[in-house]
Amino acid sequence: MAAATAAAAAALLSGGSGPIPSTTLQIQPFVSPLPFRRRGRTVHVSNASSSPSSPPTPEKEAVAEAVPLPTAESCVNLGLELFSKGRVRDALDQFENALELNPTPIEAQAALYNKACCHAYREESKKAAECLRTALRDYNLKFGTILNDPDLAPFRASPEFKELQEEALRGGEDIGSGFRRDLKLISEVQAPFRGVRRFFYVALTAAAGISTFFTIPRLILAVQGGDGAPDLLETAGNAAINIGGIVMLVALYFWENKKEEKQITQISRNETLSRLPVRLSTNRIIELVQLRDITRPVILAGSKASVTRAMQRAERYRTELLKRGVLLIPVIFGASQKDQTKPRGFGTRRAAASAPSVGGDFEKRTESIAAKSRLKAEVRFKADIVSPEQWESWIRDQQESEGVTPGEDVYIILRLDGRVRRSGIGMPNWNDILQELPRLEDLMSKLER
């Protein structure tokens, strides 16, 4: 039950009522592109002769009124149209124009976000990061949108994205606290009594502090001795208990905070994992989040020889592993250096007829029972990774968090709800996995969802 609640809460990171993805602000009909950049109204220049200029005719006024004035909204819409046609440089100009035309907060957010998509396509990661940082800080952009959008896939594989994500995890004035607030909400769902425990730690610390405040003068009197002085051993014992309690309660409070930070980091890492793309045997490209409640992905990462041997051994247990919903995902280290193909924004969308992309409608498809049934029929025993550099980056981060040397052979088993079940060094023992994982129709599998 708790896992299902956490998975539902994780949907908060998917955007919700937050920012507008790269298909937004289509409020008015398409506005034809202007041949120049301009602010304000059209300027009519009179003839340089000394004779008075003739009054404008109705025909000239009609022509002048027919020329639309540029607005931030029209520039954003035009930029989206150009971006969808592959004219990235022209689209970038339109988004920059929109930012110069006194945009509303929503228009500025859309212009900055789509400008970042253009920079990501052009592999200008630093410029993309600056645009996104401004949108996060000043215009309430949800970080979950950055995680979801396929147009930003090249950016998510860059060091600048990792730096931006770390800033968002910390929160603060430079980038805003929206992402951290959402992660804390999910953390509270997964650990609902942490806040109660911290409240009692603070309350008991305050009580022990007050008691110590009154005990110290009594201890001084006991040390000085004399008539009416309290018992020294008893007073010293009370003071020691109070001080020891304060130290213990403060340590517990900081321990809870440390656990929360670790949990928030893991939630963020799980969210990043859920957005990694794979290619099914039917050549369909999906994200791992779409496989929730359907399969248990088992990630085999390492050298080509190690992964190949593990895959061959798994073939002996294929039938039983399939009954447990196992989907093998091999990740060979170094493959990203050989693979020159990258998901490049709208290029994936234009090829959607042959290979559906991980577009913005994935949430609707995963919520549909019929769509899940079709997807389940496409899932076989193995799926290939898409964008190897993103997969390797995530696995190396996971290795560092677990104290494993980056680049070492590892395996990672996911739960049906998409969270990490367990991981280990080397390749898995398939007999142990068959003993550990229940079949999909068993009660334990239903609870895991």
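Every residue, even glycine, has its Cβ placed from backbone N, Cα and C.
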Per TrEMBL record, range annotated region 'Disordered' [choices 260-279, 340-359] | 340-359
The transmembrane segment (199-223): which same-chain residues, six or more beyond its ends, come within Cβ distance under 8 Å?
-> 229-232, 235-236, 238-239, 242-243, 245-246, 249-250, 252-253, 256
For the repeat 'TPR' (72-105), DSSP counts of helix, strand and coil?
-> 27 helix, 0 strand, 7 coil
